[in-house]
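One structure below.
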Amino acid sequence: MDICKSHENTSKCSVNTMECFMVLSTQAQKISIATLCGLFGTLCISENSLVLYLIFSSPGTRRKPSYLFISSLALADILASIIFVCSFVNFHVFNETDFSKEMFLLQLGGVNTSFSASLSSLLLTALDRYICITRPSEYKLLMTRKRAWIALGVLWVTCAAIASLPLLGWNCCTLNSTCSKLFPFVDDNYLSSWICFIMVLLGCIIYAYVHVLWRARHHVAYMEKHQAQAGKQNTRMRMDVMLARTLVIVLTVLVLCWSPVLVLMIYSIFASLSNHLRKVFAFCSTLCLLNSMVNPIIYALRSKELYSSLRRVFSQFRRQLKASEESPEAESTHKSSVIETVCEDTHVT
């Protein structure tokens, strides 16, 4: 306990100080964290693996930039689930300390890279929809596959570079600076910079989706004033209403999952944290994993094309089990899904 108290005022960097960050004191708390991580992690890996299979098993979807961004999101969420669950459970549940400072910072860098890449992929998805609804006539010219791959390459390299800075020397042990009260060996200035990076990502995502939501709502109001023009316009109005509802879900889930963690991180920079707040932070960290779990439901499986692909996969699976003839219903579903325009694909998701 004396070591923990001295750690709050100095930059002690011995492995023994890691025990000060193991705040789960009761067996019930450890079981709760292990259950949440196991449940969210398993569902997240299963859902996002299914999304990747559905996208790359169909030539029509894997060629579109919007689905490349969703693939990046799914890959980042899978990596986040694996690295976060393994390192988090080992540290907080099994109280594993038999590793070096470099190994801990490597694990932390993997978690930061995957979660940062997940949010960055959400940003690219938001920008994709922003361009689609604001400049629909130029969308295919602006959003090409080459530009999408370049954007994804820049995204992953940037996230990996920022996350590896503590391992490369920006840590409180090397600099003999103030250590974070939430993460062992992490410099407070680095934590502040990483928080600013995440806040910028979230701000851009929220701005893009709020603007898209405003455009959709404006279009619905315009269509209601011109009810005489029916048919295709009424169909478009229903799509805009669906888009508005989806974006409300997107923003609500994003804010609810990330706000508690970011608020506690910011608070830890300016004030001391009690053990109770550290326990709260440990449980709130699982909300980021929850966000990765619901991402494929919000962004992927609400897509008409991916939903049609999912139905085809299930129908093929049933045919293999029953050893019967191919169902014409799945084939007609596939044909109808190809007719959609690229903006309709991105709007509905």
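A Cβ is built for glycine as well, from the same backbone N, Cα and C atoms used for every other residue.
Bear in mind that TrEMBL entries carry predicted annotations, made automatically and left uncurated.
The feature domain 'G-protein coupled receptors family 1 profile' is assigned by TrEMBL to 47-299.
The transmembrane segment annotation in TrEMBL covers 31-55 (among others).
Look at TrEMBL and you will find 67-91 (among others) tagged as transmembrane segment.
Counting residues 6+ beyond its ends, the transmembrane segment (103-127) has Cβ neighbours under 8 Å at 18, 66, 69-70, 72-73, 75-77, 79-80, 83-84, 87, 148, 151-152, 155-156, 158-160, 162-164, 166-167, 171, 183-186, 194, 197-198, 201-202, 204-205, 208-209, 212, 254, 288, 291-292, 295, 299 in the same chain. What TrEMBL records for 103-127 (among others) is transmembrane segment.
With a threshold of 8 Å between CB atoms, the same-chain residues lying at least 6 positions outside the transmembrane segment (148-170) that come near it are 65, 68-69, 72, 102, 105-106, 108-113, 116-117, 120-121, 124, 185-187, 189-190, 194, 197. Summarising the annotation, TrEMBL assigns transmembrane segment to 148-170 (among others).
Look at TrEMBL and you will find 190-210 (among others) tagged as transmembrane segment.
The transmembrane segment annotation in TrEMBL covers 242-268 (among others).
Residues or ranges marked as transmembrane segment by TrEMBL: 280-301 (among others).
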